[in-house]
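Quick look at what Swiss-Prot lists:
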DOMAIN    2-107  domain 'Thioredoxin'
DISULFID  Cys32-Cys35  disulfide bond
Amino acid sequence: MSAAAQVTDSTFKQEVLDSDVPVLVDFWAPWCGPCRMVAPVVDEIAQQYEGKIKVVKVNTDENPQVASQYGIRSIPTLMIFKGGQKVDMVVGAVPKTTLSQTLEKHL
């Protein structure tokens, strides 16, 4: 079971933009190999930073509106939102250390 909640076009504003804590958004698709590689890393981050950040996933096939709104061209793309604004992003399957360092800047 994934530690990250699934977010849709209709719940993105409520779950991400209106969040009181920073949010890591994993834009992914079921057919994407690198997305499957980074998924366990995203889950580890969700557990490691529980209570400090919220971690959610957006399936770009099922939710094209949010993906196009944020200019998602390749997946996986991991974006960090804080106070309703995109503050950082990482593209591609990255190691946990890279993702942690990126997140730490926004806590």
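Along the chain as shown, the residues are counted starting at 1.
A Cβ is built for glycine as well, from the same backbone N, Cα and C atoms used for every other residue.
Remark: of the disulfide-bonded residues Cys32, Cys35, the most isolated position is Cys32 (fewest other Cβ atoms within 10 Å of its Cβ). Here the domain 'Thioredoxin' (2-107) is broken down by DSSP into helix, strand and coil counts: 37 helix, 29 strand, 40 coil. The average pLDDT the prediction assigns to the domain 'Thioredoxin' (2-107) is 96.
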